[in-house]
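A quick write-up on the structure given underneath.
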Amino acid sequence: MTLGSVPSKFKVSIDRDQCMDCGRCIENCSYGVYRREGDKILIESRKCTGCLRCVAMCPRDAITLTEKPIDYRSHPLWTREVREDIIKQARSGKIILSGMGNARDLPVVYDRLLLDACQVTNPSIDPLREPMELRTYIGKKPSKLNFRKTESGDVELETKLAPNLKLNTPIMIGHMSFGAISLNAQLSMAKAVTELGTYMGTGEGGLHRDLYPYQDHMVVQVASGRFGVNIDYLERGAAIEIKIGQGAKPGIGGHLPGEKVNEEVSRTRMIPVGSDAISPAPHHDIYSIEDLVQLIRSLKEATEWKKPVFVKIAAVHNVAPIAAGIARSSADAVVIDGFRGGTGAAPKVFRDNVGIPIEVAIASVDQKLREQGVRNEISIIASGGIRSSADLAKSIALGADAVNIGTAALVALGCRVCGNCYRNLCPWGIATQRPELVSRLDPERGAVQVSNLIKGWTYELSELMGAAGINSIESLRGNRDRLRGYMLDEEMLKILDVLPAGA
Ligand code: SF4
Ligand code: SF4
């Protein structure tokens, strides 16, 4: 290793007895790991990101990837990662960027929470034979309903109901913007949510016209850069989300590199081709809850009070009082994004060190809203590292109304979590705008994959609820009695308001 060169993360090798010299690895690797020299395919392992495209495309299973070859001796304090970052920064003098979610090996609270099941004295419910109610309404709920008698003697509802989003399953897809991800990735997800009767977010990149047919299932985002925001955009969305913060990078704005801003992205975001799209850290018109109220009301006024408005925040230390303020701000839902949340590009130091886990954020926010008597004023949407139907069920039992998934949907589309989304070279056609790479992702096929994932989780959620003797999502929400903590300390159990296993 020469001075300033970064040690390689992977060792790539080809079994030359298996290889038929078809060249697909060269064609498929957008990072330039393979090249032909004479009649030989040469490998530059140092360039490998672990995207595994070559492994998937090799017709002879001839390629092997080994993680972390030893480029230098191990050390418990000066770990490989620490040294790698120092080498990178000594070379570049820049902030280290990273994609995807927090990559630190920290305990995941979800994995230390266990769900309950009925035995003998309380019968479980078989979801194959009995109806399960998974329909979820996102938005304000009235504390009580008033009815009045009409002159004809009929009874009609007097209480004015706030606009709600109706979800057939409590799983939505979070905001991943056009620009950060490809149009084919967005189209895949839009088709899936439309088919399933749920919703996805546009991200802060505007709404591409090819997504107009799915607009009734899109939540349009207003972020600090206001990219793509105009009245047409607001009117097209089923709901509007004001993004204040993101779990992967709390406290800072967004950055879409200029190389990802092609003609289409430029038109949709309303920015010049090739220019970096930099969203400021704060909204320059929001410095208090009162300012937030003004923006929410302006958005509602602009859309004739017909659409719910969400506010998305990163899960930070005082998330509960902040959410309580948002509940009083006339917002209809608070979206809380935990510190394992994904990103197209974030400074690695933020991604891996700032914020708190979504599990504790849900519990403390739900608790605070109940204590203050405003839980009905607002729905809680949780995101940031939801990996399975078990995480979904536990999130709802902790107090969420629904979850947003992000990385899980991308994995369904082929993403291998290589963390290089910000380089515009995603070989799976997801986090790239290069036409030759984008065309690798077929939106029809992608939609089936995403839809299958959400269906599978929904079936599993029904089974988990049935096993616990619960036939309505309403009865699972905030039902922490059906959770037990395993290998969690007393303080954490207290914050989660969950008993230890065995109690
Ligand atoms: S894709 Fe596989 S078979 Fe084809 S050249 Fe590469 S290693 Fe050989
Ligand atoms: S979207 Fe593409 S670049 Fe990003 S982590 Fe997944 S495979 Fe890698």
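Cβ atoms are placed via backbone N, Cα and C, with glycine included.
Any TrEMBL annotation is an automated prediction that lacks curation.
For reference, TrEMBL has these:
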DOMAIN    10-38  domain '4Fe-4S ferredoxin-type'
BINDING   Cys19, Cys22, Cys25, Cys58  [4Fe-4S] cluster 1 binding site
BINDING   Cys29, Cys48, Cys51, Cys54  [4Fe-4S] cluster 2 binding site
DOMAIN    39-68  domain '4Fe-4S ferredoxin-type'
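Mapped onto this structure are the features recorded in TrEMBL.
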residue	record	Cβ neighbours (10 Å)
Cys19	[4Fe-4S] cluster 1 binding site	15
Cys22	[4Fe-4S] cluster 1 binding site	14
Cys25	[4Fe-4S] cluster 1 binding site	21
Cys29	[4Fe-4S] cluster 2 binding site	23
Cys48	[4Fe-4S] cluster 2 binding site	22
Cys51	[4Fe-4S] cluster 2 binding site	26
Cys54	[4Fe-4S] cluster 2 binding site	24
Cys58	[4Fe-4S] cluster 1 binding site	20
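With DSSP states grouped into helix (H, G, I), strand (E, B) and coil, the domain '4Fe-4S ferredoxin-type' (39-68) comes out at 8 helix, 9 strand, 13 coil. Within its own chain, the domain '4Fe-4S ferredoxin-type' (39-68) is flanked in space by residues 5-6, 8-16, 18-26, 28-33, 80, 416, 418-420, 426-428, which lie at least six positions past its ends and keep a Cβ under 8 Å from the stretch. For ligand 1, the binding-site residues lying close by, meaning a CB under 6 A from one of its atoms, are Cys19, Cys22, Cys25, Cys58; the full candidate list was Cys19, Cys22, Cys25, Cys51, Cys58. Here the CA atom of Cys19 ([4Fe-4S] cluster 1 binding site) lies 12 Å from the CA atom of Cys54 ([4Fe-4S] cluster 2 binding site). According to its DSSP assignment, Cys19 ([4Fe-4S] cluster 1 binding site) is coil. Looking just at the domain '4Fe-4S ferredoxin-type' (10-38), the mean pLDDT is 96. In this structure, the CA atom of Cys48 ([4Fe-4S] cluster 2 binding site) is 16 Å away from the CA atom of Cys58 ([4Fe-4S] cluster 1 binding site). Between Cys19 ([4Fe-4S] cluster 1 binding site) and Cys29 ([4Fe-4S] cluster 2 binding site), the C-alpha separation comes to 16 Å.
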